[in-house]
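Pulled from Swiss-Prot, these are the features on record:
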DOMAIN    1152-1205  domain 'BIG2'
CARBOHYD  Asn117  N-linked glycosylation site
CARBOHYD  Asn289  N-linked glycosylation site
CARBOHYD  Asn609  N-linked glycosylation site
CARBOHYD  Asn863  N-linked glycosylation site
CARBOHYD  Asn903  N-linked glycosylation site
CARBOHYD  Asn967  N-linked glycosylation site
CARBOHYD  Asn982  N-linked glycosylation site
CARBOHYD  Asn1171  N-linked glycosylation site
CARBOHYD  Asn1199  N-linked glycosylation site
CARBOHYD  Asn1550  N-linked glycosylation site
CARBOHYD  Asn1568  N-linked glycosylation site
CARBOHYD  Asn1743  N-linked glycosylation site
SIGNAL    1-22  signal peptide
TRANSMEM  1829-1849  transmembrane segment
Amino acid sequence: MVPVSFCFFFLLLLLSAGESSSQLVSGPHITDVNILLPPKMKNPVEYRLQGSDGCFKWSWDHHDILSVTPEFNSSSHCSTSARLRSISPYSGRKETAVYATDIQTGMVIRCKVFIDNFSRIQIFHNSIKLDLDGLSMLRVRAFDNEDNEFSSLVGLQFIWKLMPESGGSTHHLAHVPLKESPLTDCGGLCGYLDIQKKLEDSGVFADLFVVKGTKIGHEKVSVHLLEAPLTHIADEIVLTVAEAMSLEPRSPVYVLMGASFGYTLKVMRGNVPQAVDLPSPHHRWSVLNSSVAQVDSLIGLTKALSLGVTTVVVEDTRVAGHIQGSSINVVTPDTLILYISPWSMSGDLITESKPFPSSMHWYVVSGRQYLIQMKIFSGRPDAHEIYITETDDIKLYGKDSDYWKIVSLPDELSSEYGQRNSRILNAISPGLGELTSTLTYFSGHQESKEVLKVVQEIRVCEKVQFTLNSEDDTPKVLLPWTPAVYQEMELIVTGGCAKASSDYKWFTSDISILSVSAYGIIQAKRPGIATVKVVSTFDSQNFDEVIVEVSIPSSMVMLQNFPVETVVGSHLKAAVTMKALNGATFSRCDAFNSLIKWKTGSESFVIVNATSEMMMLDELRSMDSSPPCSRASIYTASTGRTVLQATLAKEFHYFDKSLSESIDLKATLTIGAYLPLSVRQDSDGNHHGGYWFDKAQEETDFGVSKLYLVPGTYVDVMLLGGPERWDDNVEFTETVKTLYEDEEDLTSRVNVHHEVDRRANMYRISCQKLGSYKLVFLRGNLLGIDHPVPAVAEALLSVHCSLPSSVVLIVDEPVNKLDVIRAASQADRAPGRLRVTPVTVANGQIIRVAAVGISEFGEAFSNSSTLSLRWELTSCNNLAYWDDDYNSKMTKSGWERFLALRNESGLCTVRATVSGIDYSFKSQYSTLLPQGSESTLTDAVRLQLVSTLRVTPEFNLVFFNPNAKVNLSMTGGSCLWEAVVNNSRVAEVIRPPSGLQCSQMMLSPKGLGTTIVTVYDIGVSPPLSALALIKVADVDWIKIASGDEISIMEGSTHSIDLLTGIDDGMTFDSSQYSLMDIMVHIEDDLVEHVTVDEDSLSVGEHVATSSFKIAARRLGITTLYVSARQQSGGKVLSQTIKVEVYSPPRLHPQGIFLVPGASYVLTIEGGPTMNVSVDYTTVDNEVAKIEKSGRLYATSPGNTTIYATIYGSEGAVICQAIGNAEVGLPATAMLVAQSDTVAVGHEMPVSPSFPEGDLLSFYELCSAYKWTIEDEKVLIFIASSINVEENAGFVNVVQGRSAGKTRVTIAFSCDFVSPGLYSESRTYEASMILSVVPDLPLSLGAPMTWVLPPFYTSSGLLPSSSEPQKHRDGQSHRGNIVYSILKDCSSRADFERDTISINGGSVKTTDSNNVACIQAKDRTSGRIEIAACVRVAEVAQIRMKSEGIPFHVIDLAVGGELELPINYYDTLGIPFLEAHGVTTYNVETNHRDVVFIKTVNDQPSAYIKGIKHGKALIRVSIGDNLRKSDYVLVSVGAHIFPQNPVIHTGNLLNFSITGADNEVTGQWFTSNRSVISVNVASGQAKAISQGSTHVTFKGHGLKLQTKVTVLFGNTIYVDSPGETLTNVHVPAEGYKFPVKFRENKFAVTEHGNKATFNCQVDPPFIGYTKPWMDLDTGNTYCLFFPYSPEHLVHSMSITKDMKPHVSFSVDASLKEARRVSGSASALLIGGFSVTGPDKLNINPDSNTTIISLVGNTDVQIHCRNKGRLSISLIKRDDFGIAGHAQYKVNVLRSEQFTDRIIITLPATGQIVEIDVCYDTGESLVASSKDGYSVLLKILWGVLVLVVSVIILMKVIDRQVPTGATGTATYSGNAAQGTPERRSGTVIYHEESPRTPSPFMEYVKRTVDETPYYRREGRRRFNPQNTM
């Protein structure tokens, strides 16, 4: 153990040593520690002493000889440099010191300053030789007599002179002014160039001088000081100007032995290199080692002789010593390498490409040129390229090939690239070949040579090219883009010797605009232009590029490739494409398929899912069409036209201001559907020997394809369906043509006449001669505008002109229906065409008898009127006769007659015979009828006259119940009948009572099923029968037919209709409902089931009819369902419907006053809320207008009435609310305050108002508020309380200063403007007198006095013990602190009267204006002190005031929430300690569409939430007293989050934008980069140094700003607890967030104890925090108490996007320095609570129950025995942490059992168990036995527990005295024997879950200010267990 401890101690020493050393390196610094300055002169000399890594305060010793001027940075709070200047004339050498004190660390740096006179000066330079046209900077430096250099000469004046050295007039140097030179002083950080330039501009020179070489030669430069009496001090130098020389090839030059080459000499003239013609008279050449190389002295021709190194020198003879040299290295070669580089067709090397050596594979592109270079390198390791000369033997083979050609370089380029070692390769065609290069050289002796050889393989490839389907062959791709839609497109590429897709590499120039995959699939990212480059993996120079432009779609058009109309029941195809702003179509846009919404303007055209129809896509691709972006298939359900619309709408922000904020593209197309073209017979043949058709039936139900006509007759036909005329721009066709015809001319046998006068689609077809033909009717639209494809429909009609082959009679039918004709023609007949079977008809009536012609094919004729008919009656004398009068009235045709039947029964024969041609047609058609046709053209029928028997109803659905009965009624026939059922197990016939045998029959159900009841009338011959179908069934369903949501006004009743039936949809008659045991089930007592006769209470009563009534009792929403009992015993349930009970609607406010131009959002209080809409109207729109949202605009003075009408889902009016509005111009204004008096040091808000209204009526229209106070010694305005820029200047806050009265005045102007209707401006002035009440002369108790309201019981304010809970008296459970009220014993009445009393830990008050003090006595130590005093006062004022709302202005983000605390004050402005529930308050706003306000359960807070951008004024008032009001202006919009943060140096902070309507893009800026740096794009900031600055965000039309404060170091650290945080089963002490302090001046007080701190939670709606200290360990915490699920459900503003977990932060800040803060983030996972009992008792009468959950509804629920219980979810409002769910529990078995339902939340592991007991009412003997055993166990357990407690108490009694004594006598700091002190509070009653911060502040202040109070460790506690 000892070695381990020693190692640990040694490690700590090392760490501390390292820390100390790091501190020595870091810290503040200055540039100089010793400075030499001249004395005060005519021109002062300044020196800047620069500091770094600190913020300095400057001081110096001798203020008489030195001046120090600090310089501040941009923040004006920190000095990092100072200017030093001597201010005393010279009187000998002087010394002083300057001190730089770092205000952050306190470190002091000393700088010694010497002041002395000049002894000499000297010109300093970098070189005495400068180039021709070159610059040189000369500087003067001064020295004292000890040769110490002066630190600065800036500011002194000098005289500079230039003079030729030879004394001539030609100068070789010229002066360059400083302002024209390229010199800089780094913005003043590295020089004083600005001062030196000013000196030159004034005509003198500074210590800095710049010259330029103008001519070759020598020049004298002199300088002397222009400062009396030191003008004799001077200096002089000589500078040489020479011409700059350079040699090519560049040095060093490596050559082979025997090589010969010449140098090129270049000189700089005018900063341009120029070659010198050799030989030159001014230049001579030489070599240092002539054994290695030799050189020509005139022209510089050099030859390498032997291996070695030497130098060639060229000298300019005009300037002595001006030479230039080049190193020559004669070497042997080591390697020969070939290089290939791309070569442009223009003859230039492509410089950006890197040459490829022969060590790599060479790939070249067919059709391109390449430069091949042969290079030689010397030996390794330092290989150098050898300069190839004309004498070197180097060769290249393989010039001729099928794949390439090699040519020499042009002469003009041979000097640059080398004629000997460079060639140009022209690639011709793809293929593979080789090149060979050799070098022959001397190996070291002139006699022997060696050869280097290299062979290189070359592959020629095709050029890499994109394959684009571009019309203009421009390599450009256009792709669309919108946010979250990334269009993709595959690019096709060829060439590059590629064999697979992996042989290409893809690149994009801007990945933020366009991305590309490894397979060539590009994806659009944002708008812009990017270049996609594809490169062959074998050759990086073989590539192709395509420009891809990504743009936002500008328009959308329909593709004109499909028909726009089609026949009903088929599909129309449609497709759209999009275009860019320039009209170009996109290359691909199918990614928008899902975003483009298709819709039609009619329900007859249905959009079906056609995205997977590949045939349509293939069809589009095969067409010459633009690429489709979206496709649709439209099913045509019915006829008509509509507009097909494709819409692409999306809201977003762009990346620059030139782009709009949304996209809304539409493309429309008119489409239509028509019925199939058909021919319908329009003329009726019913009276003319033809068939009948119903003109009234639907046109699509009746068409004709064949017509049979007798010559001489006609028929009218009508065209139905087909396309209608499209429009005037589309040609419409409607024709008739012959498909085929007989030999004769068509016009001679048929006539088709278009009846234009009657109807456009009517044709008359008349038959002229015998024969057959077919007609084709064509109708439709051809090509035209918006009609790209013709749509022509056709219909065929066959016409037969012939004679009937037979006739048939139709008896007792109103018309000649085709089915009746067909049945009659197919009936059996006897000779003479007499129908065998008689036709039975009822007697006593007139019946119609008609004849119809039948063709040889059995088809009925359409018209046979050309033929005449003869009618005959046989054996009908007493039975029937022709009613001629009726015939003449009803018909004029001979093909139908009317027969009158007598009331007799029997047989009667009717015959009709064709007798010839009608007389009107005989002349033309007399020869058509053949001889002997009468025998065949006849028909006869026998009539059986009887009475008809009928049974009603013919179908009956019967409920299966023994008590059910079915009555059947019979009519007609005789009274002799028999009834038979075909299934006796379903029903039986019961004979009716006497007297009803002939009219009724009764059935009784016997079993489930269907049966047919047949009734035979045996009284007629032949017997007649009638049928009835009976179905016996059990009820399958019951339904509430009145709707799923019902709204009822409170106090009224509502009738609900029911339906019952079976699965096939048939319903029972209401007479059977009484047998179904129908019950009404209501969730709660909001509504009650009442009887129909009276409104008596009858909940659960049976329903015996098809409707029942409910009465609305209380407000709210409940559910209701009904049940019916089946015969099997089971129950069927209806759907559950919602029933809402609403109060009568009221318009809020019901009466309002506004000024012209003001607005106010009205709302409806009460009224229904389910599926309703509200319509607002005003009677007089000239006075006020109102929008649909309820926003009322005052326009001009007057009065009007406002109606708010509430409509249901079907448009019916449900109810109405009425209000009134007055618009006027107030004549005067007044100033309003909540009280006329205010105490000294206290505050009170004041605001203007009008007699007719308040601030809500006019504040938006007024401005220029000017506040004044007559006597500011009495009253003052609080600084910065008026913020006119925030439009809150209408509210001001005054504070009392001294006793007295004074007048407060306000003046303001208002512009009452209603655009186009009213305009007037007025100025108002108002004032009031306020009194300031002074403090009492001696009011030491005022700070420790609690203000409470009268007749009030406080929360537990009085702690009962100073000991922790576990050390209290375990027997009595009483604390050791006793409280009592101090009373005046001299007055017995006052003594006995308890005006203020103590109840436990609470204080109770009675009347107002009472004051009492509370005495506290410690029973342990006997100490007595005054704990506090209580004053009782009336609540007189109200405020919305907190630290976050200091000046009545709030900035709130959209969607953001904020809690507004409600505080109460007395008449003097003194706040109440508590006033829970004493009075009511109202919170109102003029714009409820901007801000949502919610108050919860009379809590002293109002919660607001930003709804949309805008401003709203919030007013809080005591009751309806508007004088007792306070105002807060809320501005809702986008904000920077977090607002006004405080961070520490080195920390990071992410800024973001909250509350914006859409996604915001822009840039971030900081006003001071030295304090904080911020990322321009992301908004991430880093604190650099201490200070304050502003962070600004600039976006599209948006500029936001917030202040940032940076503190030095982290002073407060907050950590998160490691456990899972939830709001269920919260620890009693809450969740602990450890808070740690850094020991600096912010965190330590003068007494050494930790300073107090505050805790806050954000967002505040999830819980509350309070600070706490563990007195034993000294650890400090923020205790977090989350609100329960029940509290969150009732207090939170519910939104749909809430989650079951909430991220929050806990912030801790010092009370003395709130900027010093820290925070920690954590995640709260919501739990759940079960509302209701923890045990469910269910019985057979109610075998279902409901389980309700609140909170986190992501639970799992199950029971142990699934065969007994079923659990189903019936309702779930998933609002995250504040959700609500209901589960329905059904009993499946009718047997007694117990079970347990287990509800589990997987996220937290929370488990809740609910016991279930199902009692059938059977014998409880067995359970009683079990109950006795359980009771015995409980009694035994209680007995054991009592004994254990007694023993434990005895043990504690023996140990308490020792512990108590030790605790009472020990008064030092906490040691091992000190008990653990964790709590000093017993909470008797808690009105609010939040710790009252005023109470904490007050107790601290009371304890600190109490005289003679001993601040011992035991006594210094906070009653709320807080710091």
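These residue numbers are counts, starting from 1, taken along the chain as shown.
Including glycine, each Cβ sits where the backbone N, Cα and C put it.
Structure coloured by features recorded in Swiss-Prot.
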{"residue": "Asn117", "record": "N-linked glycosylation site", "contacts (Cβ under 8 Å, 6+ apart)": "Pro38, Pro39, Tyr90, Asp144, Leu230"}
{"residue": "Asn289", "record": "N-linked glycosylation site", "contacts (Cβ under 8 Å, 6+ apart)": "Gly308, Val309, Thr310, Thr311"}
{"residue": "Asn903", "record": "N-linked glycosylation site", "contacts (Cβ under 8 Å, 6+ apart)": "Asn843, Gly844"}
{"residue": "Asn967", "record": "N-linked glycosylation site", "contacts (Cβ under 8 Å, 6+ apart)": "Gln1000, Met1001, Met1002"}
{"residue": "Asn982", "record": "N-linked glycosylation site", "contacts (Cβ under 8 Å, 6+ apart)": "Thr1011, Ile1012, Thr1014"}
{"residue": "Asn1171", "record": "N-linked glycosylation site", "contacts (Cβ under 8 Å, 6+ apart)": "Glu1045, Gly1208, Ser1209"}
{"residue": "Asn1199", "record": "N-linked glycosylation site", "contacts (Cβ under 8 Å, 6+ apart)": "Asp1180, Val1183, Asn1220, Ala1221, Glu1222, Val1223"}
{"residue": "Asn1550", "record": "N-linked glycosylation site", "contacts (Cβ under 8 Å, 6+ apart)": "Ser1578, Gly1579, Gln1580, Ala1581"}
{"residue": "Asn1743", "record": "N-linked glycosylation site", "contacts (Cβ under 8 Å, 6+ apart)": "Asn1786, Val1787, Tyr1814"}
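Here the domain 'BIG2' (1152-1205) has, by DSSP, the following mix of helix, strand and coil residues: 0 helix, 30 strand, 24 coil. If you average pLDDT over the domain 'BIG2' (1152-1205) in this model, you get 92. In the structure shown, across all protein chains, Asn863 is the one of the glycosylation sites Asn863, Asn1568 with the greatest number of other Cβ atoms within 10 Å. Distance from the CA of Asn863 (N-linked glycosylation site) to the CA of Asn1568 (N-linked glycosylation site) is 104 Å.
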